[in-house]
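**Student:** According to TrEMBL, the domain 'Cupin type-1' annotation covers 22-170. If you look up TrEMBL, you'll see ASN67, HIS72, GLU77 marked as oxalate binding site. Feature annotation from TrEMBL assigns Mn(2+) binding site to HIS70, HIS72, GLU77, HIS116.
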Amino acid sequence: IKVNGFPCKDEANVTEADFFYSGLANPGVINNSVGSVATGANVEKISGLNTLGVSLARIDYAPGGLNPPHTHPRATEIIFVLDGELDVGFITTSNKLFSKSVKKGDIFVFPRGLVHFQKNNGDKSASVIAGFNSQLPGTQSIAVTLFTSTPAVPDNVLTKTFQIGTKEVDKIKNKLAPKKT
């Protein structure tokens, strides 16, 4: 039997392991051009979260690292700063930016579905724990979504939207395209 698309175990087969995950204990390995990495602790990693409506993530930032503008279509996010200092913000549907500099021990909230970001402007690494009111909040990165979708968003839509030429669209697509391994 599946609930919310995830299997439900027979009660006799449920163990402590279904409610445990140690994947947020250590910083994630940052190996991308934006300088941040998010490690999720959601229903995909902790089966016991199914139907509970909560999840966590750890986000680590290199000096100067950015968690690029993105949304969580199924959850509000709250971050707790473990280390470092970040500039954070979200944009309302009336196009107003709410932003703040946050440091170790601070909390900031990003309302469900709104575009938001976090930027480490410090010269040391930073990290946060993010809480979500969804077992699987989803993440949609704005730039990646627009420039690397399959099938592709038509170039004439991107050129008109961003008021740039086709060459610039191609440059962005090439920079954001998944790296061949």
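Including glycine, each Cβ sits where the backbone N, Cα and C put it.
What you are looking at is a predicted structure, and each value in this text was computed from that prediction instead of being measured.
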**Student:** Between the Cα atoms of HIS72 (oxalate binding site) and HIS116 (Mn(2+) binding site), what distance do you get, rounded to the nearest Å?
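**Tutor:** Roughly 9 Å, rounded to the nearest whole number.
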**Student:** Within 8 Å of the Cβ centroid of the Mn(2+) site residues HIS70, HIS72, GLU77, HIS116, which other residues of the same chain have their Cβ?
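**Tutor:** Nearby residues not in the site list: THR71, ALA75, PHE90, PHE110, LEU114, VAL115, PRO137, THR139.
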**Student:** Cα distance, HIS116 (Mn(2+) binding site) to ASN67 (oxalate binding site), nearest Å?
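**Tutor:** HIS116 (Mn(2+) binding site) has its Cα 9 Å from the Cα of ASN67 (oxalate binding site).
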**Student:** Give me the non-local Cβ neighbours of GLU77 (oxalate binding site): same chain, 6+ apart in sequence, Cβ-Cβ under 8 Å, ordered along the sequence.
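**Tutor:** Sequence-distant Cβ neighbours: VAL109, PHE110, HIS116, ALA130, GLY131, PHE132, PRO137.
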**Student:** Fewest other C-beta atoms within 10 angstroms of its own C-beta: which of the binding-site residues HIS70, HIS72, HIS116 fits that?
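**Tutor:** Looking at the binding-site residues HIS70, HIS72, HIS116, the Cβ with the fewest others within 10 Å is that of HIS70.
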**Student:** Can you tell me how many other Cβ atoms are located within 10 Å of the Cβ belonging to ASN67 (oxalate binding site)?
**Tutor:** 25
**Student:** Tell me, roughly as an integer, the mean pLDDT over the domain 'Cupin type-1' (22-170).
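**Tutor:** Within the domain 'Cupin type-1' (22-170), the model's average pLDDT equals 97.
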**Student:** Same chain, not part of ASN67, HIS72, GLU77: whose C-beta falls within 8 angstroms of the C-beta centre of the oxalate site? Give them in sequence order.
**Tutor:** ALA38, ALA57, HIS70, THR71, ILE79, PHE110, HIS116, GLN118, ALA130, PHE132, PRO137, THR139
**Student:** DSSP says what for the domain 'Cupin type-1' (22-170): how many helix, strand, coil residues?
**Tutor:** 23 helix, 58 strand, 68 coil
